[in-house]
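Features as listed in Swiss-Prot:
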ACT_SITE  ARG226  active site
BINDING   ASP140, ASP169, ASP173  Ca(2+) binding site
CARBOHYD  ASN99  N-linked glycosylation site
SIGNAL    1-19  signal peptide
Amino acid sequence: MQNLKFLIAAVSCLGPALAAPTPTSNFINSNFNKRASVEDSAFGYASLNGGTTGGAGGTTTTVSSYAEFTAAVQGDDPKIVIVSGPIEETAEQVDVGSNTSILGADSSAVLTGFGLRLKEVENVIIRNLGIAKVLADNGDAIGAEYSNNIWIDHVDVSSDRDHDKDYYDGLLDFKRGSDYITVSNSFIHDHWKASLVGHSNSNEDEDSGKLHVTYANNYWYNLNSRAPSIRFGTGHIYNNYYETVSDGINTRIGAQVLVEGNVFVDSKKALYSTDEGYAVERNNDFGDAKNEALEGTLTSVEYEYDLLDTSEVKSAVVGTAGQTLTF
């Protein structure tokens, strides 16, 4: 297995790299194929700004109904909420408090008909959880605004494409100055508008200098657009596997994105700019698509990460991304 490990100097995310990447051969990703622990550490941008620990050290509650779930995730005291089995309710997003870990016990932990809202909170972990078919009137599957330090890992988020593009809203949307977010090892599929970073061209005052988001080791499948779409922010997108995606990575309105080690199959637009968004791309396999983005300046990030060669991405991601953990 040929792998690259990057130890990056702590430099400005919008500036040029001050240190060249150092190749090594000791790739280890502890998130793959194992029983998970509440002590697992966030990586990517969620590891910065003091890190993201969720409800570590707090009380643990197991829930199996909508009423139990909504009660358990409230408040800002440290808490771990384990979802046991499916919960179905057509309702608006449930507000999640700070210092919270929401963990699906196994692959049956699926929320259907309602999503999660992270508003003016910090330090939230969501892992091994399924969220499906949240109607547009009820918000996103997972949405964050005015919030920071969020780790979304091994989730399965979807709707369908049988309805028009406005029947559902976003799957993973981050806006209004949210910051230090990682989306990893997740299955993002069967949807029109997958993941939006920065909701409006006119929101520069709130978003500029924020919206740092890592997307790592995710499986994007059967999507129309926003995989992801980033305005104003800073994105690091690596080792993702894209299959049957019409519009992939869209960098917009001054965004700076580092795109590396991703694979695109049966996809139309892999990487492109709108309104002067920028990208640096390295070692990607775009298949029949291509890079149509303006050249950017984001050549390094402020954390350590492991990078797979594109020949290894499919086997590492497909079948592993999504709800493949147990708690």
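Just so you know, glycine gets a Cβ as well, placed from its N, Cα and C.
Features as recorded by Swiss-Prot, highlighted on the structure.
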residue : record                      : contacts (Cβ under 8 Å, 6+ apart)
ASN99   : N-linked glycosylation site : THR53, GLY54, GLY55, GLY58, ASP76, ASP77, PRO78, LYS79, GLU122, ASN123, VAL124
ASP140  : Ca(2+) binding site         : GLN93, GLY115, ARG117, VAL134, ASP169, GLY170, LEU171, LEU172, ASP173
ARG226  : active site                 : GLY170, LYS193, ALA194, SER195, LEU196, ASP247, ASN250
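Taking the centroid of the Cβ atoms of ASP140, ASP169, ASP173 as the Ca(2+) site, the other same-chain residues with Cβ within 8 Å of it are GLY115, VAL134, GLY139, ALA141, ILE142, GLY143, GLY170, LEU171, LEU172, LYS193, LEU196. All protein chains considered, the CB of ASP173 (Ca(2+) binding site) has 25 other CB atoms within 10 Å.
Cβ neighbours within 10 Å of ASP169 (Ca(2+) binding site), excluding its own Cβ and spanning all shown chains: 23.
DSSP classifies ASP173 (Ca(2+) binding site) as strand under the three-state reduction.
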